[in-house]
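Visitor: Right, I'll just put the structure down here and ask away after.
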Amino acid sequence: MAQSTLYSRVLGTGSYLPPDRVTNQQLADRLAKEGIETSDEWIVARTGIHARHFAAPDVTTSDLAYQAARRAIEAADIDPQSIDLIIVATSTPDFVFPSTACLLQNKLGIKSGGAAFDVQAVCSGFAYAMAMADSFIRGGQHRTALVVGAETFSRILDFKDRTTCVLFGDGAGAVILSASEEPGVLGSALHADGSYSNILCTPGNVNRGVIEGSAFLHMDGQAVFKLAVNVLEKVAVEALAKANLAPEQIDWLIPHQANIRIMTSTCRKLGLPQERMVVTVDQHGNTSAASIPMALDVAVRDGRIQRGQHVLIEGVGGGFTWGASVFRF
């Protein structure tokens, strides 16, 4: 008797935003005290961002991940002990080690002894993590995965640099992927090019108790924009080809919520109407690895994304990294 093909499919989604919502005007007022000029109009015109959320000083990335994970577990209606794989995509972990995934496993009280580890691909992190979880499930090594994107980017922002500090926010999003005989994740594509590592980075490290280099985020905005609009369309088309789907068969596009201009450019190149693109960057800002799962959860909970629909996610981030996945929800 032939063995049935295993797939991974999304059982549930969850997200969490810290309660401190900071509007552009509030941020501009804060920066003005440091002699830094910006405005709501300036930020909106260049990014599409109106507000973002910042975590309180005593709140960690694993705290945000825990809240999102609980909601995803509840939505999936599963026993947390059935989770045998946890992957957390983050560039702002609680510690150098142990991993945020191990800390999250403990906070959730999961005693299954399954694998738990972090993925660091910055804003592409969730696309990387989801593709990895899908591969583990298809290969039979694991059956139920908790995949999380969580960030506290406010901790690495230089609030004297108005070109970066207005862009980012904190938050977490999560999905439960489970083994299924019904197709879920249909195709993924991941890429990186380390020769562009200097255009988006936090070039610091800990050496003998001292931070060497810079602990703040650095970005060459123009270089990132040019590279992003070039690679995102290509990786989306590649993932679609692996899924044997044409762009017009996609019901929803969920791009990394970096900048509305990058997002609309990719949507247009794929020939998709803007109405099929999920947008949360206006209220969340750029939450790096958390942005895609947070946007997914928003669109699932407000009823836009329905079971059986095809969803394309794509992201690009520091490294330079980029990736995409297509799944049937």
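Positions of Cβ are set from backbone N, Cα and C atoms, glycine also.
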Visitor: Quick test of your reading of Swiss-Prot: among 47-51, 92-96, 257-261, where does it put region 'ACP-binding'?
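Guide: Range annotated as region 'ACP-binding' by Swiss-Prot: 257-261.
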Visitor: By a simple count, how many Cβ atoms lie within 10 Å of the Cβ of Asn286 (active site), its own Cβ left out?
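Guide: There are 23 of them.
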Visitor: What Cα-Cα separation, expressed in whole Å, is found between His256 (active site) and Asn286 (active site)?
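Guide: Cα-Cα distance, His256 (active site) to Asn286 (active site): 8 Å.
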Visitor: What's the CA-CA gap between Asn286 (active site) and Cys123 (active site) in angstrom, rounded?
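Guide: It is 9 Å, counting Cα to Cα.
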Visitor: Under a three-state reading of DSSP, tell me whether Asn286 (active site) is helix, strand or coil.
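Guide: DSSP call for Asn286 (active site): strand.
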